[in-house]
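Novice: My questions all concern the structure below.
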Amino acid sequence: MSLLKTKNFISAHDVTDINALVAKALDYKANPFKDKTLGTGKRIGCLFLNPSMRTRLSTQIAAQNLGMEPIVFNVGSEGWKLEFEEEAIMSGSTSEHVKDAAPIMGQYFDILAIRTFPSLANKEDDYSELYVNQFIKYSGIPVLSLETATLHPLQSLTDVITIKETFKEKRKPKVVLTWAPHVKPLPQCVANSFSQWMNAWGEVDFVVTHPEDYELDPAFTGNATILHNQDEALKDADYVYVKNWSTYTDYAKIYNNDPSWMLTLDKLKHTNNARVMHCLPVRRNVELSDEVLDSPHSIVTREAGNRVWAAQAVLSELLGQLNS
Amino acid sequence: MSLLKTKNFISAHDVTDINALVAKALDYKANPFKDKTLGTGKRIGCLFLNPSMRTRLSTQIAAQNLGMEPIVFNVGSEGWKLEFEEEAIMSGSTSEHVKDAAPIMGQYFDILAIRTFPSLANKEDDYSELYVNQFIKYSGIPVLSLETATLHPLQSLTDVITIKETFKEKRKPKVVLTWAPHVKPLPQCVANSFSQWMNAWGEVDFVVTHPEDYELDPAFTGNATILHNQDEALKDADYVYVKNWSTYTDYAKIYNNDPSWMLTLDKLKHTNNARVMHCLPVRRNVELSDEVLDSPHSIVTREAGNRVWAAQAVLSELLGQLNS
Amino acid sequence: MSLLKTKNFISAHDVTDINALVAKALDYKANPFKDKTLGTGKRIGCLFLNPSMRTRLSTQIAAQNLGMEPIVFNVGSEGWKLEFEEEAIMSGSTSEHVKDAAPIMGQYFDILAIRTFPSLANKEDDYSELYVNQFIKYSGIPVLSLETATLHPLQSLTDVITIKETFKEKRKPKVVLTWAPHVKPLPQCVANSFSQWMNAWGEVDFVVTHPEDYELDPAFTGNATILHNQDEALKDADYVYVKNWSTYTDYAKIYNNDPSWMLTLDKLKHTNNARVMHCLPVRRNVELSDEVLDSPHSIVTREAGNRVWAAQAVLSELLGQLNS
């Protein structure tokens with residue numbers, strides 16, 4: 001039975017059973033080539049409208065592990081700028097409309113994987129997921145998100161896998177998502193997505209902490225405990241997920257970039273010997289101190305490694321739908 | 001028996017029997033993997049001196065369908081600028097001469113596929129096909145054009161395939177190539193190439209229409225009917241091929257960019273319910289109106305999809321020559 | 001028995017028996033697919049912090065010949081700028097520290113191939129091979145140099161192969177490395193590396209010639225005869241290896257760019273009908289005259305072609321270590 005409710009993988013809501021998907025991923029981690037012919041003759045097009053390292057490499061590897069042919073295309077540098085606005089008079093800098101490009105991807109590929117960042121200029125467009133929804137609407141084939149304007153589901157699935165894999169006690173772990181300083185305005189998508197998946201998974205006590213003015217969209221944080229006092233939030237934490245984001249309400253601003261929010265070993269003292277997570281890339285000594293990243297608290301390398309198995313589990317489900 | 005006269009594929013004149021090549025392409029469309037081991041152990045190097053989306057993806061897919069290993073190399077962004085002028089003193093911005101680069105491609109690959117746009121600065125260089133001819137001369141291996149200064153043969157073969165596939169009547173279809181407005185000076189190659197193939201194929205009534213001053217090189221348009229009145233040209237058309245190009249005579253200028261040449265539904269009324277084609281990317285509401293592209297008249301997605309089968313048929317012929 | 005002393009391939013000192021490695025490469029040249037399943041299920045990540053043509057293509061082809069999956073990643077254009085300095089406060093232009101990126105490469109790949117040029121700004125960093133050593137330290141997997149700050153071992157192994165393959169007499173050939181003019185300051189790495197390999201191989205009479213002020217690091221030139229008179233150096237040469245480099249002592253400057261150091265046919269008259277080599281890309285009529293490159297003296301195409309077999313021999317050894 002399919003672990004996906006839809007033919008796409010964009011958010012936690014596309015998954016019927018998160019624990020089963022995690023188990024599938026860990027199964028692939030133990031035996032990467034167990035389904036090495038599942039994707040024979042199937043192609044995945046990986047379109048990057050924005051740069052990527054871990055996401056690109058892990059998706060490419062996951063596809064190859066399943067016997068698929070991944071084709072990577074960097075839209076910006078190898079092709080040209082796409083237009084997303086309906087009825088646009090294309091006399092400006094965009095050379096091709098998604099309405100024309102997406103159906104062709106649907107002719108060339110069996111699955112379309114896309115990374116497309118938010119504009120950070122138009123909140124309505126970003127939060128309506130205009131770009132990826134246009135690809136879904138016009139490509140006619142299953143679409144796998146490699147990070148979109150508001151969500152990063154393969155990262156979040158990876159995060160669930162990593163918590164599941166490392167937490168061995170019988171109780172619910174306390175998981176704290178903490179805002180961290182940065183040098184430029186970043187999307188909210190990793191924070192939104194992590195919140196969405198923690199809530200959908202439901203097997204953790206979930207706390208979000210950030211300075212005032214950095215409230216996330218409640219559609220994602222849901223019933224999480226939200227605190228503006230980082231020390232209070234970190235108390236007894238089993239996992240600390242560190243991430244910067246720019247403001248959501250007054251969109252995409254940096255209001256306060258208080259360096260005291262950088263996670264240090266000292267702050268970890270009040271946790272339950274917490275494991276520290278980050279989606280990477282991380283600005284050392286801005287978001288997280290060297291002493292934390294280089295300590296046994298950090299599980300960021302394991303976390304990044306797990307990206308392969310998250311992608312492989314999801315691709316396997318998408319292939320299963322194609323083959324059925 | 002080979003369907004190619006030479007070991008290269010650069011123009012319609014390299015083909016012995018266009019209908020047989022079209023039949024071969026449609027055969028691959030029906031059964032993409034029928035020759036999946038034909039290219040085993042053979043490598044195609046795909047060198048892009050200019051950006052590409054459809055051409056790159058369709059060639060890569062066609063090669064994989066035949067069991068070849070395609071290697072894509074973006075000369076500009078991944079490597080360095082090539083020199084093409086004989087006896088150049090290379091103290092400027094070019095880092096490597098085609099005389100040195102091409103023979104090495106000949107060592108590394110079995111087939112060399114190249115995209116190289118015209119300069120739009122030097123008409124003589126462009127129309128002598130300096131760049132691709134240097135690659136042919138110095139690489140020593142079969143060269144497949146992925147669009148050159150004056151021609152785009154895989155696009156044009158695709159166009160023949162698409163007309164053949166969609167026209168079911170016993171008579172010759174009327175095919176009209178119409179100039180369209182654009183925002184910058186474009187090459188003449190798609191228009192040249194389409195004209196050359198329509199003439200070489202010979203199974204259509206072929207009309208070219210454009211504003212005065214946009215005459216194409218008669219070497220390509222041949223005996224086509226040429227009209228400066230678009231409405232007159234479109235009358236009873238079965239196919240309308242829309243494309244902008246810059247001036248040929250006074251080279252690479254935009255003389256007149258009359259927006260009334262944009263193809264609209266209203267203009268299609270006088271056609272024979274014409275199918276509309278375009279090589280893409282298309283500037284919506286500049287070259288072609290949304291209402292046309294989003295109507296059943298448009299077959300641009302089918303056309304772009306057929307790029308795979310055109311490439312696969314030609315690669316199959318080139319492989320056949322290598323293996324014989 | 002392994003032909004490598006370590007699990008990495010960075011310099012001539014990593015090789016136990018250069019002649020055996022050369023023989024292995026020539027064996028692959030005669031039969032490219034003889035070990036076509038040796039690398040099944042193994043992945044090589046090819047990270048380019050700098051542009052590459054021959055090195056990238058030859059490594060990719062060599063890996064495929066051995067049945068490996070090569071994944072190419074252009075760090076600069078596809079990803080983001082890496083930080084290499086320990087304890088950096090990353091509030092500037094670098095987005096990710098090698099301490100975080102390298103271990104992830106170690107999770108994704110079985111072998112990591114890296115190209116990383118010198119800064120030409122900080123001699124100490126460059127000559128300590130800071131960048132590649134950080135990748136070795138933090139990735140935890142075998143590292144294959146695709147050219148580093150001070151060395152280019154796959155090029156130099158190729159050069160030994162090419163001399164061995166073309167010199168049929170019973171005596172030692174005289175090999176002259178000559179400086180040539182250029183238009184910008186280049187690394188010393190090809191010259192360093194060629195010197196190191198000629199010395200380590202030991203089967204040639206090795207002479208280095210350059211204008212005063214262009215002394216190379218004696219750690220690489222060793223006991224080579226060093227002459228400032230090019231004509232004297234070229235006398236009776238069997239091989240002339242042409243290469244520009246910037247100054248080493250007063251680091252990375254162009255002191256004198258005397259065009260009379262360009263190699264011409266006239267200068268070759270006093271050689272023993274010498275074969276001329278160059279790693280490419282070459283600035284024609286700046287480093288080497290057209291008349292030399294287009295004459296039978298030149299073996300640069302053969303040399304570049306041999307890059308595949310050098311890479312294949314080394315990858316085969318690295319795979320042998322992984323499998324043992």
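Here the Cβ of each residue, glycine as well, is placed from N, Cα and C on the backbone.
Caution: TrEMBL annotation is automatic and unverified by curators.
Copying in the features that TrEMBL gives for the protein in this structure:
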| type | residues | note |
| --- | --- | --- |
| BINDING | B:Ser52, B:Met53, B:Arg54, B:Thr55, B:Trp80, B:Arg115, B:His152, B:Pro153, B:Leu154, B:Gln155, B:Cys279, B:Leu280, B:Arg307 | carbamoyl phosphate binding site |
| BINDING | B:Glu147, B:His182, B:Lys243, B:Arg283 | N(2)-succinyl-L-ornithine binding site |
| DOMAIN | B:7-165 | domain 'Aspartate/ornithine carbamoyltransferase carbamoyl-P binding' |
| DOMAIN | B:204-316 | domain 'Aspartate/ornithine carbamoyltransferase Asp/Orn-binding' |
Novice: B:Arg54 (carbamoyl phosphate binding site) to B:Glu147 (N(2)-succinyl-L-ornithine binding site): how many Å between their Cα atoms?
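Specialist: Distance between the two Cα atoms comes out at 12 Å.
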Novice: Mind pulling out which binding-site residues among B:Trp80, B:His152, B:Cys279, B:Arg283, B:Arg307 sit under 8 Å from chain C, Cβ to Cβ?
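Specialist: Qualifying residues, whose Cβ lies under 8 Å from chain C: B:Trp80.
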Novice: Quick check for the class: what is the C-alpha distance, in angstrom and rounded, between B:Leu154 (carbamoyl phosphate binding site) and B:Glu147 (N(2)-succinyl-L-ornithine binding site)?
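Specialist: Pair distance, Cα basis, whole Å: 8 Å.
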Novice: Could you state the whole-number distance in Å separating the C-alpha atoms of B:His152 (carbamoyl phosphate binding site) and B:Lys243 (N(2)-succinyl-L-ornithine binding site)?
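Specialist: B:His152 (carbamoyl phosphate binding site) to B:Lys243 (N(2)-succinyl-L-ornithine binding site), Cα-Cα distance: 13 Å.
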Novice: Roughly how many angstrom lie between the C-alpha atoms of B:Glu147 (N(2)-succinyl-L-ornithine binding site) and B:Ser52 (carbamoyl phosphate binding site)?
Specialist: 10
Novice: Could you check which of the binding-site residues B:His182, B:Lys243, B:Arg283 is the closest Cα neighbour of B:Arg307 (carbamoyl phosphate binding site)?
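Specialist: Minimum Cα distance from B:Arg307 (carbamoyl phosphate binding site) across B:His182, B:Lys243, B:Arg283 lands on B:Lys243.
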Novice: Checking interface proximity: list the binding-site residues among B:Leu154, B:His182, B:Cys279 whose CB sits under 8 Å from a chain A CB, in sequence order.
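Specialist: So none of them sit by chain A.
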Novice: Counting only other Cβ atoms and using a 10 Å cut-off, which of the binding-site residues B:Arg54, B:Arg307 scores lowest?
Specialist: B:Arg54
Novice: Using DSSP, would you call B:Lys243 (N(2)-succinyl-L-ornithine binding site) helix, strand or coil?
Specialist: strand
Novice: Might you list, by sequence position, any residue in that chain lying six or more from B:Cys279 (carbamoyl phosphate binding site) with a Cβ less than 8 Å away from its Cβ?
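Specialist: Same-chain residues close to B:Cys279 (carbamoyl phosphate binding site) (Cβ under 8 Å, separated by 6 or more) are B:His152, B:Gln155, B:Asp159, B:Val190, B:Lys243, B:Glu303.
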Novice: Using C-alpha atoms only, work out the spacing between B:Ser52 (carbamoyl phosphate binding site) and B:Arg283 (N(2)-succinyl-L-ornithine binding site) and round it to an integer in Å.
Specialist: 16
Novice: Sort B:Arg54 (carbamoyl phosphate binding site) into helix, strand or coil using the DSSP assignment.
Specialist: helix
Novice: Given that the record lists B:Ser52, B:Met53, B:Arg54, B:Thr55, B:Trp80, B:Arg115, B:His152, B:Pro153, B:Leu154, B:Gln155, B:Cys279, B:Leu280, B:Arg307 as binding carbamoyl phosphate, what is the largest C-alpha to C-alpha distance among them, in Å?
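Specialist: This binding site's residues have a maximal Cα-Cα distance of 29 Å.
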Novice: Per DSSP, what is the helix/strand/coil residue tally across the domain 'Aspartate/ornithine carbamoyltransferase Asp/Orn-binding' (B:204-316)?
Specialist: 36 helix, 20 strand, 57 coil
Novice: Take every residue in the domain 'Aspartate/ornithine carbamoyltransferase carbamoyl-P binding' (B:7-165), average their pLDDT values, and give the whole-number result.
Specialist: 95
Novice: DSSP on B:Leu154 (carbamoyl phosphate binding site), three-state: which is it?
Specialist: helix
Novice: Would you count the other C-beta atoms found within 10 angstroms of the C-beta of B:Lys243 (N(2)-succinyl-L-ornithine binding site) for me?
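Specialist: For B:Lys243 (N(2)-succinyl-L-ornithine binding site), the count of other Cβ atoms within 10 Å is 22.
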